[in-house]
Amino acid sequence: MEFDRMLIRYGELSTKGKNRKQFVTKLAQNVKRAMTDLPEVRIHGERDRMYIILNGADYQLVEERLKPIFGIQSFSPAVRVNLDVEEVKAAALALVQDAHEENGTFKVAARRSHREFPLDSNEINQEIGAYVLQNMEDLTVNVKNPDVKLTIDVRKEGVFLSCRTILGAAGLPVGSSGRAMLMLSGGIDSPVAGYLAQKRGVEIEAVHFHSPPYTSEQAKQKAVDLAAKLAKYSGQVQMHIVPFTEIQEVIKQQIPESVIMTVTRRMMLRITDELRRRRNGLAIVNGESLGQVASQTLESMLAINAVTATPIIRPVVSMDKNEIIQIAQKIDTYNLSVQPFEDCCTIFTPPSPKTKPKLDKIEHYESFTDFEALIAKALDNIETISVNVAETAQVKDEFADLF
């Protein structure tokens, strides 16, 4: 069957009242970013639904791109015909023939918002249903649990027909809740935190700390690959790679071993917060899970958070490891995260880190070093890249041809 468009139904946007237009606009932007390598498609957003006009693009490829985009409740490959009963009959028959299985069942569900169409909803159901039955021998009607549900939507601009409804990712369009910086390590937890923040409409920019030669280029690439996984949900993720070697070496030399991790996290947070300010972000997201490691006790969080008044969002804070792993597997980040490349959170880790560090002592230890200058230097040398889901898909396809 040759579909000419995708019909997108909104999720929670239906509850957003006066802000609805803003949410629809943001969703349209995210859909457009996910289709950047498909210049022929056109996106048309309306108050209660959105259309992607395919113009010859592969509908199955478009379908795969739509599945992870937050803000979509469901979507359907569809065809549009003129406001003509005979055209509707022909399209309906073709759709059901394409979708049905032998000895299957079907129903017609029509909705007419354009009152000038000659048939009302019940008459459409009856006439189109009868026409399909007359032209297909191995098909029966089941109005309660059909194998194929033919949806017909009669509007002023035409009649839209579809037979499949595909569940979307739901949630809110990424960016509709503002921007935040995601502290993205190479571990399991932070990509999951980024995914959950995106689901609630937060546009994330990833911040990754890189400490060569202690951390390798493979570790850096792993973080970029994780950002690419997260880009599926918005179309694109900005990633900031922070050179952190000098700061970590100074911390190791100047700070007592038992609180190295606490001070390291404080410096990371200070850098991330300054990046947030420069990028007009509203919050910081991280993958901390309460009690999982020494730096994630309440006392440690208190000492680390003291460097900023910015809200810290911790989407996985109450989850145990198995719950986090399940989500990581679902979003296809787990296998990347467990690759054995050290990141800067694992180097210089003391054998017995303090789980209840005292803020006054931490600040005293830090006072003997000019961390301000080191932070400024790191900020001046940040590498920023844009990770785009469409470009990532193209690279995958190119490599696939080699094997």
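The first residue you see is number 1, and the count goes up from there.
Cβ atoms are placed via backbone N, Cα and C, with glycine included.
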Record says MET183, LEU184, HIS208, PHE209, GLY287, GLN296 bind ATP. Source is Swiss-Prot. Which of ARG164, ARG265, ARG266, ARG277 does it list for that same site?
ARG265
What is the Cβ neighbour count of MET183 (ATP binding site) at a 10 Å cut-off, with all protein chains included?
23
Among MET183, LEU184, HIS208, PHE209, ARG265, GLY287, GLN296, listed as contacts of ATP, what is the widest Cα spread in Å, to the nearest whole number?
19
Look at the binding-site residues HIS208, ARG265 and tell me which residue has the greatest number of other C-beta atoms within 10 angstroms of its C-beta.
HIS208
CB neighbours of LEU184 (ATP binding site) within 10 A?
29
